[in-house]
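Undergrad: I'd like to ask some things about the structure below.
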Amino acid sequence: MEECRVLGIDTSCDDTSASVVIDGERILSNVVSSQSDIHKKYGGIVPELASRRHIEMIWPVVDEALNNAGITLNDIDVIAVCYGPGLIGSLLIGCGFAKAVGYTKKIPLVAVNHLEGHIFSVFLQDKPEFPFLSLIVSGGHTSLYIVDGFGQYMELGKTRDDAAGEAYDKVAKLLGLGYPGGPAIDKLAGQGNPKAFDFPRAYVPESFDFSFSGLKTAVRNTVVNSQNAITPIAQQSTFICDIAASFQAAVVDVLVRKVEWAIVKKGIKRVALSGGVSANGELRRRMKKMAEEREIELYLPSIQFCTDNAAMIAVAGYHHFKAGNIAGMDLNPKAYLPL
Ligand code: KG4
Ligand code: ZN
């Protein structure tokens, strides 16, 4: 059979991304245009600014993805676009673009849920057998699923308040580390003592749900109280590293423990991680250790495919296309979209 070349597009949040993937596994290009330069001075994403930047960037990013793949739009067999969940103004740009190009070039369109994209990001390198446990840890989501096959997802639990990445970003803002906060905390935590502060771990007993808002408040209280004390400058940087390390230890402890519990309760011996926080060094290290101890197959996306990217949308889109799930011109993005 002929190769199937999918153009993936993701504009769900603050990155404009386009990618060309063959047969849902062979990546030809993946371009991500970050907007962190425009949002960092606000300490978080400003939705209106995000959609405006998407408008400016969508064509250049798609062009670059096609050029890097050495092909043109005429060679594309399917356009896969993320239609939610996400920021509605941002999603509108990707969906409007995909519909317009699909219509004028007569290319079939498929609609992909962003979370489904994250789940399938591991397929860019590996082919886990079904069923597997999938932990999505990103800026907008912290959810645990059993994946029984393509399109077959059972949610075991999710965060009851903040997502893990959101907690990273808020703690980073509090420490004056800018946006996005995850990578900055990841780095500083390596120089701090994870036992310096005993921050709370919300294990939410008898449930696969998560909760990170109490942890965030505990960190804030510790930082605010310390600001009342007169601390020499030299000690301040140690303090920030210790806060970062202790906060990160609390997040990672909960994530690893919950996955372990799911392994035991559900008897599933394959685990895949995805989403921006799965790029975290300590989380990857601890998950690998746990997987070794419990003889689990662990699937981690390479760092570039942890955070938002269009390659993962192209992978999931390919499977939708194979299943005959073609979207019409009435496709509308959705800010809230369950899997
Ligand atoms: O998956 P993603 O790019 O976007 C969403 O779908 O939300 O995830 C972004 C999140 C941000 O909160 C960012 O701070 C976090 O992932 N993140 C990290 C790391 N890299 C990105 N968190 C912890 N450690 C990292 N190395
Ligand atoms: Zn994402």
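For all residues, glycine too, the Cβ spot is worked out from N, Cα and C.
Curation plays no part in TrEMBL annotations; they are all automatic predictions.
Source: prediction; values computed, not measured.
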Undergrad: From the candidates ASN30, ASN280, ASN309, give the one listed by TrEMBL for the same substrate site as ILE136, VAL137, SER138, GLY139, GLY140, ASP169, GLY182, ASP186.
TA: ASN280
Undergrad: Please identify which of ASP308, ASP330 is recorded by TrEMBL as part of the Fe cation site containing HIS114, HIS118.
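TA: Between ASP308, ASP330, TrEMBL records just one in the Fe cation site with HIS114, HIS118, namely ASP308.
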Undergrad: Which binding-site residues from the list ILE136, SER138, GLY182, ASP308 come close to ligand 2, meaning a Cβ under 6 Å from one of its atoms?
TA: SER138, ASP308
Undergrad: State the Cα to Cα distance, in Å, between HIS114 (Fe cation binding site) and GLY140 (substrate binding site), rounded to an integer.
TA: 11
Undergrad: Listed binding-site residues: ILE136, SER138, ASN280. Which have a CB under 6 angstroms from an atom of ligand 1?
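TA: Only SER138, ASN280 meet the Cβ criterion.
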Undergrad: How many Å lie between the Cα of ASP308 (Fe cation binding site) and the Cα of SER138 (substrate binding site)?
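TA: Between the alpha carbons of ASP308 (Fe cation binding site) and SER138 (substrate binding site) there are 9 Å.
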Undergrad: Across all the protein chains here, work out how many other Cβ atoms are within 10 Å of the Cβ of GLY182 (substrate binding site).
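TA: Summing over all protein chains shown, GLY182 (substrate binding site) has 27 other Cβ atoms within 10 Å.
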Undergrad: Quick check for the class: what is the C-alpha distance, in angstrom and rounded, between SER138 (substrate binding site) and HIS118 (Fe cation binding site)?
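TA: Between the alpha carbons of SER138 (substrate binding site) and HIS118 (Fe cation binding site) there are 9 Å.
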Undergrad: Pick the one among the binding-site residues SER138, ASN280 whose Cβ has the fewest other Cβ atoms within 10 Å in this structure.
TA: SER138
